[in-house]
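Peer 1: What follows is a structure written as structure tokens; I'll ask about it next.
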């Protein structure tokens with residue numbers, strides 16, 4: 001793939017990219033349910049052939065389900081696309097002993113059909129600023145049956161906080177420049193069951209992928225997110241070379 005084609009795919013017309021003014025009661029069109037024989041994860045569509053998620057979501061027998069609101073009742077969904085994948089590519093510096101560089105790209109077997117229910121999200125050209133409002137979206141288990149797929153898609157609007165504020169929530173963690181924190185300090189830290197690797201989309205731009213949280217991000221507890229803008233060269237090079 002040459003650089004001109006790569007640029008074109010990463011800058012698709014607005015009609016095919018995510019509109020941040022979507023309705024709160026539907027699934028954000030960039031959100032993907034990563035279903036496996038183990039625990040599920042959240043993925044984000046950044047290209048008709050590529051999905052980004054956390055590197056710890058290296059899941060067995062993975063299926064990628066787009067356009068779904070209730071994974072526990074997928075037979076009643078009208079706009080679902082189910083695709084397989086060709087390869088998973090971890091960030092080369094990722095280690096299972098660290099929350100840093102926790103990103104993975106998934107190449108799909110076929111190009112996704114983009115429509116009103118399935119769209120790509122834009123990648124950042126500048127970092128999210130402190131106090132920017134972000135939409136964090138993932139699925140939750142209202143019925144507390146972890147042997148089934150989650151039954152509730154939820155979105156929460158929360159703000160980017162400073163490293164100083166983040167350290168009030170995570171006193172013993174090293175918050176690096178490649179990370180950002182989103183949430184409310186001190187937060188409630190109530191236990192809940194939600195699907196991991198939730199994205200933080202700020203002003204319509206994908207700014208972060210959840211790498212660690214002690215609590216429940218859907219209740220606005222502080223989460224630590226991989227800062228996407230730091231990895232744009234790796235993302236672009238990976239897509240170009242694969």
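Any Cβ shown, glycine's included, is placed from N, Cα and C.
Below, the features straight out of Swiss-Prot:
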type: DISULFID; residues: 41-57; note: disulfide bond
type: DISULFID; residues: 134-202; note: disulfide bond
type: DISULFID; residues: 166-181; note: disulfide bond
type: DISULFID; residues: 192-216; note: disulfide bond
type: DOMAIN; residues: 18-240; note: domain 'Peptidase S1'
type: CARBOHYD; residues: 157; note: N-linked glycosylation site
type: SIGNAL; residues: 1-17; note: signal peptide
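Looking at the shown structure, can you explain where the listed features end up?
Peer 2: Secondary structure at residue 41 (disulfide bond), as computed by DSSP, is strand.
Using a 10 Å radius centred on the Cβ of residue 202 (disulfide bond) and all shown protein chains, the other Cβ atoms total 23.
The Cβ neighbour count for residue 181 (disulfide bond), using a 10 Å radius and every protein chain shown, is 29.
A 10 Å cutoff on Cβ-Cβ distances gives residue 192 (disulfide bond) a total of 15 other Cβ atoms nearby, all chains included.
Looking at the domain 'Peptidase S1' (18-240) alone, the prediction's average pLDDT is 90.
According to DSSP, residue 157 (N-linked glycosylation site) sits within a strand segment.
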Peer 1: Which one is it, among the recorded positions 41, 57, 157, 216, that lies nearest to residue 166 (disulfide bond) by Cα separation?
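Peer 2: Nearest listed residue in space: 216.
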Peer 1: How big is the Cα-to-Cα gap, in Å, between residue 134 (disulfide bond) and residue 157 (N-linked glycosylation site)?
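Peer 2: Given the Cα positions, residue 134 (disulfide bond) is 6 Å from residue 157 (N-linked glycosylation site).
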Peer 1: Which one is it, among the recorded positions 157, 181, 202, 216, that lies nearest to residue 41 (disulfide bond) by Cα separation?
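Peer 2: Spatially nearest to residue 41 (disulfide bond) by Cα position is 216.
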Peer 1: Mind giving me a neighbour count for residue 216 (disulfide bond)? Other Cβ atoms within 10 Å of its Cβ, every protein chain shown.
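Peer 2: The answer is 20 other Cβ atoms.
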Peer 1: For residue 57 (disulfide bond), what is the secondary structure state per DSSP, taken as helix, strand or coil?
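Peer 2: In three-state terms, residue 57 (disulfide bond) counts as coil.
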Peer 1: DSSP on residue 192 (disulfide bond), three-state: which is it?
Peer 2: coil
